[in-house]
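What TrEMBL records for this protein:
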TRANSMEM  26-47  transmembrane segment
TRANSMEM  54-72  transmembrane segment
TRANSMEM  78-95  transmembrane segment
TRANSMEM  107-125  transmembrane segment
TRANSMEM  145-168  transmembrane segment
TRANSMEM  180-203  transmembrane segment
TRANSMEM  209-227  transmembrane segment
TRANSMEM  257-275  transmembrane segment
TRANSMEM  307-325  transmembrane segment
TRANSMEM  331-353  transmembrane segment
Amino acid sequence: MVIVFILLFLAFNIASDGIFLTPRNLTLLLRQGAIVAVVAMGVSILIIKGEIDLSIGSAVYLCGVAAAILQLQFGVGTFGTVVATVAVGLLLGAWQGAWTVGVQVPSFVVTLAGLLAFRGAGYYLTDAATLAPMSESYSALSEGFIPPTVTYGVMAALFAIGVLLLVLASRSSARETGNANVPLLIVKVALLAAVAAFATWIFVGYRGIPVALVWVFGCGVVLWFLMTRTEFGRNAYLIGSNREAAHLAGISIKHHLVGGFLIMGALYGIAGTLMTARLSASTPTAGLYLELDAIAAAVIGGTSLRGGIGTVGGAIVGAALLVTIDNGMSILNISSFVQMVVKGMVLLLALAMDRALNKRSQRG
């Protein structure tokens with residue numbers, strides 16, 4: 001995946017006469033991918049559990065409508081609007097979880113219905129009109145930046161935390177194997193330093209760290225911990241890979257599936273907040289095809305549609321790859337219609353790779 005990013009970066013930079021690899025463009029690229037990354041993390045968890053969500057774009061749009069109505073019609077402040085928007089998302093997630101688990105309608109059908117119903121509800125509430133403008137403090141949730149002077153300290157702190165985690169992991173491995181691989185640790189620290197330096201150059205070279213990335217980082221850390229350090233996460237993989245075995249092991253599959261949809265619902269609200277803040281409005285076209293981008297990002301990042309395989313970090317990487325392709329084609333003034341064709345082919349290739357890997361694992 002690293003090689004793919006390097007090749008794309010070089011190709012787009014050469015084709016754009018150096019515009020692509022500038023701090024400004026790379027910062028905007030990362031901010032642009034925040035919404036896809038947030039929902040890709042959620043759908044990857046559902047896919048790991050053996051479920052799917054086709055309603056993401058419509059649910060995010062409806063959450064954005066709720067945020068706009070609260071601010072523009074009822075004068076609710078930024079904090080209250082965010083909390084209420086996430087609550088709306090949770091309700092949507094709970095609704096779909098109840099149908100999937102309680103009524104036992106396949107999640108494909110439930111969320112396909114949600115794709116239509118949620119957008120229709122949003123159109124009914126707004127007469128399919130744009131609601132704008134949002135308050136400046138609300139728009140800053142997506143469009144704001146952490147100042148460059150503070151960015152230096154944030155990046156230094158993140159680098160220090162990263163080094164600490166690498167050292168702890170190395171010590172844990174040494175205790176298990178009885179052999180401390182110091183050269184490997186040095187290489188990992190050097191790579192981390194290079195990534196940190198590159199990221200600092202990007203952020204400080206423009207306006208600082210985008211606030212939208214703070215949302216992605218926060219969601220990523222929480223979900224990574226949930227999926228790798230808790231019983232909920234460990235059971236999710238077992239449920240997705242062998243549901244019957246999970247049932248025999250005494251795992252409450254219904255509770256886990258509802259939990260997955262509730263997580264997705266919370267992420268609807270966060271993504272709806274970011275989208276409405278980014279546009280400073282709720283627009284009728286907001287969220288269109290977002291579910292396809294999210295699923296593609298999850299699959300590209302290594303999540304298997306068969307369930308039981310995938311990571312939250314992989315979904316973020318997949319989202320970054322998709323937005324890199326989008327951004328590069330936009331800089332080159334490639335038609336939006338052609339961009340849709342390219343993204344469709346990328347999704348098709350990702351699914352083909354997933355199938356090929358599954359066949360190989362079955363043979364093994």
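Yeah, the Cβs are placed from backbone N, Cα and C, and that goes for glycine too.
When Cβ-Cβ distances below 8 Å are used as the criterion, the transmembrane segment (307-325) is approached by residues 1, 4-5, 8-9, 12, 29-30, 32-33, 36-37, 40-41, 43-45, 47-50, 216, 220, 223-224, 227, 237-242, 293-294, 296-301, 342-343, 346, 350 of the same chain, each at least six residues removed from its ends.
In this chain, the transmembrane segment (209-227) lies out of contact with the transmembrane segment (54-72); the count of Cβ pairs under 8 Å, excluding pairs fewer than 6 apart in sequence, is fewer than 3.
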